[in-house]
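Trainee: Sequence annotations record features per position, and here Swiss-Prot assigns phosphoserine to S62, S240. For H104, C146, the entry in Swiss-Prot reads active site, with the evidence type similarity to another entry. Per Swiss-Prot, the feature region '130's region' maps to 108-125; the stated evidence is similarity to another entry. What Swiss-Prot lists as S-palmitoyl cysteine is C247, C260, and the listing cites similarity to another entry.
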Amino acid sequence: MTETDGFYRSREVLDPAEQYKMDHKRRGTALIFNHERFFWHLALPERRGTNADRDNPTRRFSELGFEVKCFNDLRAEELLLKIHEVSTSSHVDADCFLCVFLSHGEGNHIYAYDAKIEIQTLTGLFKGDKCQSLVGKPKIFIIQACRGSQHDVPLVPLDVVDHQTDKLDDNVTQVDAASVYTLPAGADFLMCYSVAEGYYSHRETVNGSWYIQDLSEMLARHGSSLEFTELLTLVNRKVSQRRVDFCKDPGAIGKKQVPCFASMLTKKLHFCPKPSK
């Protein structure tokens with residue numbers, strides 16, 4: 001008797017070049033939740049430089065046709081209300097949806113001004129049973145937050161230690177506190193993280209985070225021409241080539257960072273230019 005491993009053979013021939021439809025009336029809504037300061041009882045440090053992280057992607061996503069809405073230091077109840085409002089709105093005439101969180105993180109939570117919120121509570125509002133007008137459309141979540149307590153060590157330690165001064169205008173590297181876990185979200189979701197799980201996410205106090213800086217640069221160069229997950233791979237490469245030069249923690253000097261993304265997309269994602277009105 002011959003035994004074989006069972007497998008499923010679909011009769012459907014899949015087109016590897018198939019793309020999401022990007023010919024709707026509008027590109028879609030992009031929400032940016034920016035958190036610089038936190039309620040004192042959380043004992044979380046101020047996130048200097050995060051306003052640059054708000055402004056840079058605002059400009060880039062606007063150029064790609066998104067309607068960008070920015071919110072600063074919202075309380076958890078306010079943030080949930082904004083997310084709920086958008087998830088219950090109609091996206092019938094939109095290509096996709098995008099949401100950016102700039103904050104501290106912990107476990108499977110992200111911090112608002114006064115409390116932490118479970119990320120799956122936020123993404124769950126955009127699943128098919130809750131937001132039918134986004135079924136089959138890309139839902140992109142970008143999370144700039146620390147995800148652990150380790151620095152990525154360079155393989156070739158040829159770094160020169162630079163001494164940091166205490167002037168406010170100096171571009172000092174800091175880290176976002178606590179950790180965020182990689183979370184499943186569902187079909188047509190794309191979860192983008194500033195750093196791989198278990199490692200620090202670096203943020204400069206003047207220029208903003210490494211990840212958002214380099215994501216914004218790649219969007220400016222290739223946002224309308226390159227498939228989006230390929231663009232994210234370029235961002236991974238660019239961030240991985242950075243190192244910490246100025247930091248109050250001498251042990252952080254020379255350390256590295258590598259972002260990551262978890263794609264549940266089912267087609268290629270191109271932000272093709274919209275026709276001029």
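Note that Cβ sites are derived from N, Cα and C of the backbone, with glycine treated the same way.
What does the local environment look like for each feature on the list?
Mentor: All chains included, 13 other C-beta atoms sit within 10 angstroms of the C-beta of S62 (phosphoserine). DSSP assigns S62 (phosphoserine) to a helical segment in the three-state reduction.
A 10 Å cutoff on Cβ-Cβ distances gives H104 (active site) a total of 24 other Cβ atoms nearby, all chains included. When secondary structure is read from DSSP and collapsed to three states, H104 (active site) falls in the coil class.
Within the chain carrying the region '130's region' (108-125), a Cβ under 8 angstroms from the stretch's Cβ atoms is held by residues 33, 35, 37-39, 42, 44, 73-76, 78-80, 83-84, 87, 99, 101, 131, 139, 141, 143, 145, 180-181, 183, 185-186, 189, 191, all 6 or more beyond its ends.
DSSP classifies C260 (S-palmitoyl cysteine) as strand under the three-state reduction.
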Trainee: Nearest to S240 (phosphoserine) by Cα distance: which of the recorded positions S62, H104, C260 is it?
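Mentor: So, spelling it out, the nearest of the recorded positions is C260.
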